[in-house]
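Asks: So Swiss-Prot says this about it:
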BINDING   Cys37, Cys38, Cys102, Cys132  [4Fe-4S] cluster binding site
Amino acid sequence: MAIDGILKQGFITTSADKFINWAKTGSMWPMTFGLACCAVEMMHAGAARYDLDQFGIIFRPSPRQSDLMIVAGTLCNKMGPALRKVYDQMPEPRWVVSMGSCANGGGYYHYSYSVVRGCDRIVPVDVYVPGCPPTAEALVYGLLQMQNKIRLTNTIAR
């Protein structure tokens with residue numbers, strides 16, 4: 001958090017935008033939308049070795065409790081409406097991370113008749129994590145980039 005000034009009385013001065021965004025980055029609660037092998041790497045990133053809890057990232061089972069969705073794997077045409085429905089159930093503000101080549105653009109199954117060529121055709125995506133499947137380190141890096149993006153947004157409308 002960018003601190004504008006520290007007064008001698010023990011007060012810290014900063015803008016409301018910076019404070020609110022700092023609080024949001026320290027408490028991102030993702031909902032997993034694992035569709036294929038990328039979900040295994042997503043579970044690996046949530047295990048003890050990478051410990052996403054240290055970044056304030058705690059996986060939630062319900063879309064109503066989460067503010068971040070991680071779409072991991074091949075998205076089929078039949079799964080598209082379900083993805084949109086789950087996204088619409090999330091409270092505002094909400095963000096989406098697309099994990100893996102299949103979620104980013106169809107991947108290996110790009111030319112199949114039943115595969116959506118990128119989950120950004122269904123929901124707006126904020127961060128893309130490349131790879132087939134991406135490593136747990138790549139997902140952690142993508143989540144840190146998501147935190148940086150949240151820090152730079154304007155929370156209070158001007």
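Any Cβ shown, glycine's included, is placed from N, Cα and C.
Because the structure is a prediction, the values reported are computed rather than measured.
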Asks: Return one of helix, strand or coil for Cys37 ([4Fe-4S] cluster binding site), based on DSSP.
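Replies: SS state of Cys37 ([4Fe-4S] cluster binding site) = coil.
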Asks: Can you see whether DSSP assigns Cys102 ([4Fe-4S] cluster binding site) to helix, strand or coil?
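Replies: Looking at the DSSP assignment, Cys102 ([4Fe-4S] cluster binding site) belongs to a helix.
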Asks: Fewest other C-beta atoms within 10 angstroms of its own C-beta: which of the binding-site residues Cys37, Cys38, Cys102, Cys132 fits that?
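Replies: Fewest other Cβ atoms within 10 Å, among the binding-site residues Cys37, Cys38, Cys102, Cys132, is found for Cys132.
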Asks: Compute the mean position of the Cβ atoms of Cys37, Cys38, Cys102, Cys132, which form the recorded [4Fe-4S] cluster site, and then list in sequence order the other residues of that chain whose Cβ is within 8 Å of it.
Replies: Ala36, Ala72, Gly73, Thr74, Met99, Gly100, Ser101, Ala103, Gly107, Gly131, Pro133, Pro134
